[in-house]
Amino acid sequence: MRAADAFTIKNKEITSIDLMESASMAFVKAFAEEVPDHETSIAVLCGKGNNGGDGLAVARLLKDKGYTNVFVYLIAFSSKVTEDYTANLKRLEDLWFPLVTVSKAEDLPELKEELIIDAVLGSGLNTELDGEYKLLAQRVNALNRRVIAIDVPTGFPAEGELRKDSVYLKADLVICFERPKINFFFPESAQAMKHFRVVSIGLDEDFIQKTSSSYQLAEALDIRGLVKPRESFTHKGTYGHALIIAGQQKTMGAALLAARACLHAGAGLTTVSVPESGLTAINTALPEVMYLDRADLQPDTLEKFKAIAIGPGLGTGKETADILKTIFQLKVPLVIDADALNVLGNSPDLLEQLPSGSLLTPHMKEFDHLFGAHQSWWDRLETARKKARELQSVIILKNQYTFIIDQTGDVTINPTGNPGMAQGGMGDVLTGLCASFRAQGYSAKEAAVIACYLHGKAGDELAETEISVAASELAGKVSGTLKGLIK
């Protein structure tokens, strides 16, 4: 974002202080939506850098907007100041705005205000909090007040490893500028923040879009651009034939969920290979689905399929390893999940035989079983980028915010999904979606992006009226959700 700041200032004939004013106005507009009561007492904690300059401007603008109880605390732990901070401080002083200078954390008065705005340190910080800043964060955290941070919580790095023992000034809400920070999407961010929202501050959008980045955030517009319309005179053969190899006697539900999702995502034909004992269950629950005996999982039989998914509820025994060896000989696009991933984790030699263009869908434990234990999600994502390049395959690293890593190591972050989806079977549904879109002719990356976004979006729609979302319910929802996304 610093490059976008500089470009905007240079090419739009706007000064940095005016850009700071624009950012502060955008923050105040969002703040007013979150805190409509103008009688709310507000403490604005301002460091001496540009984040503090934002805070000073925000305090002034809140007063202008009718907030009557705004108090500013100048956190003066450093002798360094920025020009824009100094300019905004003078504007407040000219208005006879009451200011309290805090030279040490212990000098911070016992805040009585209902709400705290954190403008102490911004996204430029690249070290952990220590000294007075660490003491300040701990002191404010102990107050248990509602905190809204400007751009990032104090002490929270925009990218890089998040340590479990780090101290941050904890925020209930972060109102960030133009784009969310990559670290917002890691589970460790819960140590520093509960929610975030993004506001535009007037940076040059064309410049941002054209700037090369290894990270992209999936949006509904992207899905609309990827999904191909179903044309007149097409037929079931047009939309591909997917095979799902899944299920054991006690885990037949995994196969049913994957097959159901595959159907509803639009595959022309769906076949499942389950133990013969599951045939009645398949025929009863999903009469549209065909059956392939496990004994028939041979190369000459399998080559007709446009995509093969393997793993949900399959078990980690010799049979799974043998099936993997067979399908690795084919040129059919593969989706590998669950028990099939665990078999690969147990067999490094077999993992090396993985065909390029495969799509792997591990959650955290499966990923670490494949590639070794990790201490942080940042390190895990870095490993995923490395392994996706080495294997020339796409990795879906599942999380509340799922990461899709393509063969170049670039990352697409999926923003859809919610805690109501934290139930068994959700991964089986995602596998079925991936198989469906691969069978329909989408690339591994395209299939992964569409499947993840659709999976989470359907869950979001269901969660509007339900506290928890069942996987079977979500599988039946995806067709309607997809229609809504592309119309």
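Each residue, glycine too, has its Cβ placed from N, Cα and C.
Matching GLY420, GLY424, GLY425, GLY427 to the AMP binding residues that TrEMBL gives (LYS398, ASN399, GLN400, TYR401, THR402) identifies GLY427. Together with ASN51, ASP118, the K(+) site in TrEMBL holds one more listed residue from THR154, THR211, THR234, which is THR154. With the fewest other Cβ atoms inside 10 Å of its Cβ, the least crowded of the binding-site residues ASN50, SER123, ASN126, THR154, THR402 in this structure is ASN126. In the domain 'Rhodanese' (26-86), the DSSP tally of helix, strand and coil residues is 28 helix, 11 strand, 22 coil. Reported as a whole number, the C-alpha separation between ASN399 (AMP binding site) and ASP118 (K(+) binding site) equals 28 Å. Those same-chain residues not listed among ASN51, ASP118, THR154 yet with C-beta within 8 angstroms of the centroid of the K(+) site C-beta atoms are LEU45, GLY47, GLY52, GLY55, ALA119, VAL120, LEU121, GLY122, ALA149, ILE150, ASP151, VAL152, PRO153, LEU169. Note: the CA-CA distance between ASN50 ((6S)-NADPHX binding site) and ASP118 (K(+) binding site) rounds to 13 Å. THR402 (AMP binding site) carries a strand DSSP state (E or B).
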